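Participant: Take a look at this one; I'll ask things after.
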């Protein structure tokens, strides 16, 4: 799909539920007219428009969320200070993902967090996970989101071992468009781009979740934040001013991880690369093989699935020191296209002023090529995760 073509959209038909009361800006109908205008500003294709319309129509029937209305189905994962479960919302019959965050905080702080999370109601994009609502109950904040049946890319990676470049092309497009939407339409940055915050589904959609919309929630969860710091940019780790350029570093680091099958710091040595790719892999301008890294493994990371990484675990401060002071990670030569290598290198420039920005990356050859490439993302995902593919086959939804 050409990036600049703006399709002519038929009017959105989102039916409000009779149970839905007037919003803060007036009647539900007036709110929907405003929403329709905002959606028509987005460059959506027909399929994206229909899916967003269907989600918003379903959401309009949900009404106020209450703890008693949910039936737990299974646990989806844990992280970022909360546990995510797959639930059914009994009044509507909808399947949702419910994130429970336990916080020992005063009522005023809790109410501020719930208020700040309401901004998520306005985040409607094919590249952002849908939001049903947030509420407080029994010492926990609940954030209810669209359920993505493919899970997160870190879960997909466990099954796939490595994710092919053409698939990562579609992932890169979705992440860039999601970041651009958050920045341009809501003036917010993500702050926590990593494989576990990129969700996918059997329809071929790729969406961002867990972005930093609530400053108060970020502050309240500061103590649980250490585990995500391995994706933070050098400037953020040093406590200096940071911007959306920091999200671009995190995306680049995530792409290297998804490409080679493990967190890329410290870099894999020649033996491990050979185990990963099944053949000797050379690197560097002179074509030298990867040298054996003297560095330990990063903290909390298992020994490589390829059995070659027997180094002791790296302490968290060693890892953060490495990110700030050592050369940035890169993709090995001879395995990936030059376009993809160059794209990743531009994301992982340590100086944020020299790092590529969103606009530059959207116009990069790797992205332009990936936009026109026919890739059956949904088919690949369903085969990898052994999911049932929806009856209507879809190409990558980006």
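Residue 1 is the first one shown; counting continues down the chain.
Quick reminder: no glycine exception, Cβ is built from N, Cα and C everywhere.
In case it helps, Swiss-Prot gives these features for our protein:
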- 192: active site, proton acceptor (ACT_SITE)
- 76, 77, 78, 79, 80, 81, 82, 83, 84, 99: ATP binding site (BINDING)
- 70-367: domain 'Protein kinase' (DOMAIN)
- 220: phosphoserine (MOD_RES)
- 224: phosphoserine (MOD_RES)
- 1-29: region 'Disordered' (REGION)
Participant: Mind giving me a neighbour count for residue 84 (ATP binding site)? Other Cβ atoms within 10 Å of its Cβ, every protein chain shown.
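Facilitator: I count 22 other Cβ atoms within 10 Å of it.
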Participant: What kind of secondary structure is residue 220 (phosphoserine) part of, going by DSSP in three states?
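Facilitator: DSSP assigns residue 220 (phosphoserine) to helix.
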Participant: Between the Cα atoms of the residue listed as 'active site, proton acceptor' and residue 84 (ATP binding site), what distance do you get, rounded to the nearest Å?
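Facilitator: Here the two Cα atoms lie 17 Å apart.
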Participant: Tell me, how many other CB atoms lie within 10 A of the CB of residue 76 (ATP binding site), whichever protein chain they belong to?
Facilitator: 20
Participant: Which one of these recorded positions, 78, 82, 220, has the sparsest Cβ neighbourhood, judged by other Cβ atoms within 10 angstroms?
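Facilitator: Comparing Cβ neighbours within 10 Å for the recorded positions 78, 82, 220, 78 has the fewest.
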Participant: Cα of residue 84 (ATP binding site) to Cα of residue 220 (phosphoserine): how many Å, rounded?
Facilitator: 18
